[in-house]
Amino acid sequence: MAPCMLLLLLAAALAPTQTRAGPHSLRYFHTAVSRPGLGKPRFISVGYVDDTEFVRFDSDAENPRYEPRARWMEQVEPEYWERNTQIAKDNEQSSRVDLRTLLRYYNQSAGGSHTIQRMYGCDVGSDGRLLRGYEQVAYDGCDYIALNEDLKTWTAADMAALITKHKWEQAGAAERRRAYLEGACVEWLSRHLKNGNATLLRTDSPKAHVTHHSRPEDKVTLRCWALGFYPADITLTWQLNGEELTQDMELVETRPAGDGTFQKWASVVVPLGKEQYYTCHVYHQGLPKPLTLRWEPPPSAVSNTVIIAVLVVLGAAIVTGAVVAFVMMRRRNTGGKGGDYALAPGSQTSDLSLPDCKVMVHDPHSLA
């Protein structure tokens, strides 16, 4: 095969769920996986409106059916589920044939596991009109065949895919796919956006922070996190004194958080002690303006010790001052004689031992 250009079909299919005028997309992801010795291939079909999964079919389910994955899909009539369940089962059967066919095209043995991925759908603008339609097929993670932007022709990735291309051209496959993309796909997307507008047209702004990670050779990694945002489109950049560090930055793909929002991070390696010269910038449509963040070091142990010592000294000074003030007040009240009590006439101080007196701290909550 030609050099593999891994399609991000599964990554997109795993993506889950502001108010947005557009564009919007309706996409379906089909995955068929052979598993020799473990039974028939598994077939999964997942549908997305923008970044929200709304339907799913899994051939491994106890009762394989097209099932809603979003609450707003409960408004769809029962016939929708019956019709699409049958379509999914037909696609499951076709995928088994396709897996066997590609084994033959690539002269592969039947002993290994192989995967076919298919993604198709449409994008519409804020006016509801079609912006583009697409269909892509991958085999074992590599491009196989794709519908071109004109929606009339196909691009084959290798010699094996050319066989499929010729068959599809003879069968008029592009014309049928174009009719669907320009018609039913756009119509259903409009309907889904209307039914699910509370979810699909919302915006959740990202919560961002920077973490600090030690490295050898007097280096550290600064990692800028953006969490809990929707929709998935976001930009994270690092700057050094105002200049972007695109080449030196590690950036991960946007990932689903599992709660209908997304997360992402970008990191740079910087010299130890120079962290404050680096800033992270977060751009998202849910933010009134971009965020700018720096690494904020926690208070040092020395600073904490000094603060505690100062508080102890101040506390001791306050207590000492209160005691001195109390004694001075008592002296004034007794005319400076040094005490409140005089010995009774005839008392013999030498005959009595002093009691074992202990200071009792008064409990302000006690009634005694």
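Including glycine, each Cβ sits where the backbone N, Cα and C put it.
The structure displayed is predicted, hence computed values, not measured ones.
Screening Ser94, Ser113, Ser353 against Swiss-Prot annotations picks out Ser353 (annotated as phosphoserine). Out of Cys122, Cys280, Cys357, the record in Swiss-Prot bonds Cys185 through a disulfide to Cys122. Between Cys280 and the candidates Cys224, Cys357, Swiss-Prot records the disulphide bond with Cys224. Here the Cα atom of Asn107 (N-linked glycosylation site) is found 34 Å from that of Cys122 (disulfide bond). Across the structure, Cys122 (disulfide bond) and Asn197 (N-linked glycosylation site) place their CA atoms 18 angstrom apart. Close to Cys224 (disulfide bond) in the fold, though at least 6 residues off in sequence, lie Ala208, His209, Val210, Leu236, Trp238, Trp265, Ala266, Ser267, Cys280, Val282, Leu293, each with a CB less than 8 Å from its CB. Remark: Asn197 (N-linked glycosylation site) has no non-local neighbours by Cβ distance under 8 Å and separation of at least 6 in sequence. According to DSSP, Cys185 (disulfide bond) is assigned to a helical segment. Just so you know, the Cβ of Cys122 (disulfide bond) picks up 23 other Cβ atoms within 10 Å once every protein chain is counted.
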